[in-house]
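According to TrEMBL, the protein has these features:
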type	residues	note
ACT_SITE	Asp196	active site, proton acceptor
BINDING	Leu75, Gly76, Lys77, Gly78, Gly79, Tyr80, Gly81, Lys82, Val83, Lys101	ATP binding site
DOMAIN	69-330	domain 'Protein kinase'
DOMAIN	331-401	domain 'AGC-kinase C-terminal'
Amino acid sequence: MAGGVFDLEITDGLREDEESDDDYINIADGQIDDAPPSSSFANQPNVEVVNLSEATVNPPNMRVGPADFELLKVLGKGGYGKVFQVKKTNGIDSGRIFAMKVLKKASIVRNQKDTAHTKAERNILEAVKSSFIVDLKYAFQTGGKLYLILEYLGGGELFMHLEREGIFMEDTARFYLAEITCALQHLHQQGIIYRDLKPENILLDVTGHVKLTDFGLCKEAIKGDAMTHTFCGTIEYMAPEILMRTGHGKAVDWWSLGALMYDMLTGGPPFTAENRKKTIDKILKGKLTLPLYLSYEARDLIKKLLKRNVEVRLGTDSSDAEAIKAHPFFSSVSWQDVHSRSLEPPFKPNISSDDDASLFDSKFTKLTPVDSPCDYSLSRSANLVFEGFTYVAPSVFDEMHRPQLVKARSPRMAHQSEGEFFSVSPVGCLGNFQDSLINSKPSGPKY
């Protein structure tokens, strides 16, 4: 194909009817001695040297799997798997720090809803791009596990900062609530209900700005006032309509925002008790107690977000987040500055290095990071539910070395030295290359 790609006329002088398989031999890289015709374009500024070899003419596939990541720390763990801090060891992004979420397939497929939630999380992370939402870089799978490679956010969980401070001052809370409101608004505009807003799911990047993570409980494809009925979330932040199983829409996220705001300003969620049942009873029927030290605007916003009657809850109508952004509590906020992330965060994480994990919970980070090998693999039919799980972020393609092709009928190459040729005005060519970038087969051994 070298002749076609580089517009060279390669012929051994035989007529077409005289050609046969015996007329060709394989030549190793660097053994082509005959120089192609010279060109007056050889010394122009836009000329680039291309080494002719199998690697440049036909680049090998870049496969991504567990073996491409070195485990550094444990960041969190749950019933279905763990979250690790990892370093990519080769290829594109080599040396870069990521968070790797590992999920056990066998635990997920036991429950149809868990399977649906896992697939939804993967789809949402691919589809929804926002500066307030964690970025998915890769997704791949082995016979027994699913892997999500996410940007590493060294600022840690908002939960840890809130635990350390006890409560936030209103200006501090206002900053975080404004960015979270923008994140929820973006999700709602994409037809997604978040349903799991809590301090543990809000991460800070190294500059101190907010990013939402953990989309396992999201509901996709919600249009307008459409309802869903899944019982899910964290009890203390769950809206009454979820607990009542009467059907719920996007307004549940605004209840959770109110509960989170209350938590930030008072040191705990608005309705808590010694057990799950009593907590639910309080959410459904308990009286909301607001400390007098809160400003009138803060108390008013909390009350309007924590309305049990969905119809009168702030943000329920078609205005969605705009009604919340217009509330007097945010009167000092420039929403343009919020969207552009140009506001100065109240807390700047003290990060010593790219792999600094000091702002994550030490009960996890002190553990030895081990991605336990799977001694089982799901059946072919069971694995079908995870078909299409693999993913590579577009930003990764932007960084890749693209095979260099010459535009149609461009000047011919000028010989530089053995095995090297000039190419004029090279253009990138990836074609439909994405599917070959992922190795979805086993490759070894709450973010």
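Any Cβ shown, glycine's included, is placed from N, Cα and C.
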Pop the Cα-Cα gap between Asp196 (active site, proton acceptor) and Val83 (ATP binding site) into the table, whole Å please.
18
Who sits close to Lys77 (ATP binding site): which same-chain residues at least 6 apart have their Cβ under 8 Å from its Cβ?
Val83, Phe364
Using DSSP, would you call Lys77 (ATP binding site) helix, strand or coil?
strand
In three-state terms from DSSP, label the residue listed as 'active site, proton acceptor' for me.
coil
How big is the Cα-to-Cα gap, in Å, between the residue listed as 'active site, proton acceptor' and Gly81 (ATP binding site)?
18
Tally the residues of the domain 'AGC-kinase C-terminal' (331-401) by DSSP class, grouping H, G and I as helix, E and B as strand, and everything else as coil.
22 helix, 2 strand, 47 coil
Can you name the residues of this chain that are 6 or more positions from Gly81 (ATP binding site) yet have a C-beta less than 8 Å from its C-beta?
Lys101, Val102, Leu103, Lys104, Ser107, Lys145
Over the domain 'AGC-kinase C-terminal' (331-401), work out the mean pLDDT and round it to an integer.
84
